[in-house]
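Colleague: Submitted below is the structure of interest, expressed as structure tokens.
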Amino acid sequence: MKGTRAIGSVPERSPAGVDLSLTGLPPPVSRRPGSAATTKPIVRSVSVVTGSEQKRKVLEATGPGGSQAINNLRRSNSTTQVSQPRSGSPRPTEPTDFLMLFEGSPSGKKRPASLSTAPSEKGATWNVLDDQPRGFTLPSNARSSSALDSPAGPRRKECTVALAPNFTANNRSNKGAVGNCVTTMVHNRYTPSERAPPLKSSNQTAPSLNNIIKAATCEGSESSGFGKLPKNVSSATHSARNNTGGSTGLPRRKEVTEEEAERFIHQVNQATVTIQRWYRHQVQRRGAGAARLEHLLQAKREEQRQRSGEGTLLDLHQQKEAARRKAREEKARQARRAAIQELQQKRALRAQKASTAERGPPENPRETRVPGMRQPAQELSPTPGGTAHQALKANNTGGGLPAAGPGDRCLPTSDSSPEPQQPPEDRTQDVLAQDAAGDNLEMMAPSRGSAKSRGPLEELLHTLQLLEKEPDVLPRPRTHHRGRYAWASEVTTEDDASSLTADNLEKFGKLSAFPEPPEDGTLLSEAKLQSIMSFLDEMEKSGQDQLDSQQEGWVPEAGPGPLELGSEVSTSVMRLKLEVEEKKQAMLLLQRALAQQRDLTARRVKETEKALSRQLQRQREHYEATIQRHLAFIDQLIEDKKVLSEKCEAVVAELKQEDQRCTERVAQAQAQHELEIKKLKELMSATEKARREKWISEKTKKIKEVTVRGLEPEIQKLIARHKQEVRRLKSLHEAELLQSDERASQRCLRQAEELREQLEREKEALGQQERERARQRFQQHLEQEQWALQQQRQRLYSEVAEERERLGQQAARQRAELEELRQQLEESSSALTRALRAEFEKGREEQERRHQMELNTLKQQLELERQAWEAGRTRKEEAWLLNREQELREEIRKGRDKEIELVIHRLEADMALAKEESEKAAESRIKRLRDKYEAELSELEQSERKLQERCSELKGQLGEAEGENLRLQGLVRQKERALEDAQAVNEQLSSERSNLAQVIRQEFEDRLAASEEETRQAKAELATLQARQQLELEEVHRRVKTALARKEEAVSSLRTQHEAAVKRADHLEELLEQHRRPTPSTK
């Protein structure tokens, strides 16, 4: 179906009209299918400013005729209206749609604005591989007449568009690395020598990217039920290019039918929707698993951060970021200088060529043209590589350049979050690349108003734009997942939405091996510079080809007339004026873009500062809570220490009181004993005095009698000597008694003092030792905990860094195969977490209950033992006092016995001479004295026995007190061991809890290894199958060769037989002819 339509307008919007905006969430950059849209090698990050100059030239080349491919694409999502081709006069004042601007809301509702508006001469930007979509406003004069005449009436048309974001080389995420890998792979797989002009058929596709998209579509069809994608996006590109070529005026160019194009576009949209839905489901599952794992490891992370300083991690991260930023800026500066020099050289060459081309038409009449004439269609069709490259350049242009004019009515209303902040060097780089691409695109067709169809670049951009829109069947709100280290990589804060891109396909493991991506710090990579240079070269070649084709296709006339020369001069003047105007507009656009980028930079800096301040506040709160918890623990330890010291002091006070009571009782017993001894001494002295006086009186009587008998002098001598002896014995006895009493009292006091001092020293030494040991244990435990936490924090930081790096490397290859394993891991980890939590709670409650019971029992036992000890102490003191009294009595008795025996011996010796006279009286008196003394001795022996018993009791009490002290010390040591065991159990539980992450990580690595082993086995099986298939193909080839050889032999044999038969027939004919000829004899 052929036809033309006005370029400057699109179908009017009706309730059932065409609305190509696939409503829904605008997919992020790295998930969009723009990277797989062309067959040309994909360049990682190439920016193009689709300025007004190239669009005006394309319009002048395409003329009023609309492209059939654009009609087909615009009818792809409409069910009630099909745009019919229409013809009209060319309207050069109305700009064409270079990018089909469409609007999508996160809620999935239908937008009130039409899709028909497009950027005008102010220029438009379009980004493919960025993280965030950018919106820009369009001037009011950029709208076509049909869009302004829409039946929406006074309803305001919103022109803010969420364009595909820009993927520059400063994107340091894994998506950038995957994009580089895909770029390098496609560069290596598709060299420029393999490129060929596209076929006219719409089924022509690029084999590798088609396989990639089919692989992703097959995986998506498992959950959605859609069929296999029959055609590739590149086929849509070829179809658009072929349709463009067919509508430019060449006679009888073959085109695809409308139904086929609609069916193909519908299938592409369905496949895109399926893949997006499937990937979104997978992203949700991964996010849920990551959240559960994060919740599981959150407690451990808090323990890891509790002893670190408030700003240690943040300062380290800022230092690393500053160093990385410096290196990146230096590299960017060098690369920009090189790119600026090359672009300046290219521009100088282009300006020189343009000046020679402008001076050329008066000399070559074939290059002159009448302003109203149409040019052939070859002027608009550059090389296929150039077309594909232009599409890629347009896809990668920065989306931050607004196309606002004086009459702007459209304000940016993008709901998505602003794009990641770029430094000024990156913005300068993007603007430089866009300016270069805009200058390169100026070498397109020289005129804009004389062609019949739109260029293939616009159709490619429109097709990619339709494919990159989010489908309206899954309006899902965004969910931002911020991990612990999300502030460390603010560039990659955009959530992972789903789309059909080479990045996703590479992450799902559908791409084969490809080289390593460039390092993250490169701002202007070699691939980008090479792509810019190759694009400039191709554009120069295409411009030269266009000039050649103009020279070849132009019919020479008899000679240029003055009218033609004047028209050409006026045309060149108008073109130069238009170029000057467009340059001015481009300069205004760039100035606005620079201002917007500055505002955006300031806003992003403020947001980053706010996020960092919030995170710093969270960390400060966390550290303060940790410090408060530790201070509370230290206060609890201090309180426990105070309680123990108070208990110890109470025990010491009780011991002191007992000692004081004991000393008081000893003093009382000694005083009583002294009183009793004094009474006994007084009684003994009185009785002895009475006895002595009586004895003296009797002796005096006897002496008188003896004196009477003549013995008086001798008796007087004996009496005098006896008195002296008695006085001497009395003095000795009194001195010995005093000495013995003094020695006994001194010895008792000395022993009591020694015991008291020894007890005090032992108490002080034990208290000091206990305090020192407790302090050393606490200090050692505190140092060990700090060291262990520091080591564990460092180890976990290194492990987290290594784990992130390793997982980032492995996730690109294994994510599609590991979804089941991750779900199982999440279930097992959640079950294990619940079991461990329940077990830990149970153990903690049991430990607390057991500890409380043990404390209660220990308190009761301590109270009972204290009471028993007090009772035993009193008994021992009484026994000791009795023993001491007995000992004193025994000593007194022994001294007294000695004194009595001495007195008896002296008296017997003294009375030896008077024995005969006083024997009877002396014997009777001795008997009386012996009886009396024996009674007193028996009493003293009884008192001595009592004192001995009391002393033994006191000794037993002292031994019991020492045993009690030893037992209490043993109990203290036992409690310390129990406390150490509890601490060991606590440390073991803490280590088990810390090792939980390691166990989960080990299990995950084991499963990864198993999945890798399965992958290797599958690859080996695939290799065997391929080898078997190759062998079978070789066998078939061999059989075909043998069959062909046999056929050739049969044909050759038949040919020889045929030749022999022909020879035989010729021979027979000759013979027959000879027989027919009459013989000469017959004549």
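Placement of Cβ uses the backbone N, Cα and C atoms for every residue, glycine included.
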Colleague: Looking at Ser146, Ser952, Ser1052, which one is marked phosphoserine in Swiss-Prot?
Modeller: Ser146
Colleague: If you check Swiss-Prot, which of Ser208, Ser731, Ser938 turns up marked as phosphoserine?
Modeller: Ser731
Colleague: If you check Swiss-Prot, which of Ser9, Ser114, Ser173, Ser1053 turns up marked as phosphoserine?
Modeller: Ser114
Colleague: Among the residues Ser35, Ser224, Ser414, which does Swiss-Prot list with the feature phosphoserine?
Modeller: Ser35
Colleague: With DSSP, how much of the compositional bias 'Basic and acidic residues' (1047-1076) is helix, how much strand and how much coil, in residues?
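Modeller: Split by secondary structure, the compositional bias 'Basic and acidic residues' (1047-1076) comes out as 30 helix, 0 strand, 0 coil.
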Colleague: What is the three-state DSSP composition of the compositional bias 'Basic and acidic residues' (317-333), stated as helix, strand and coil residue counts?
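Modeller: Per DSSP, the residues of the compositional bias 'Basic and acidic residues' (317-333) fall into 17 helix, 0 strand, 0 coil.
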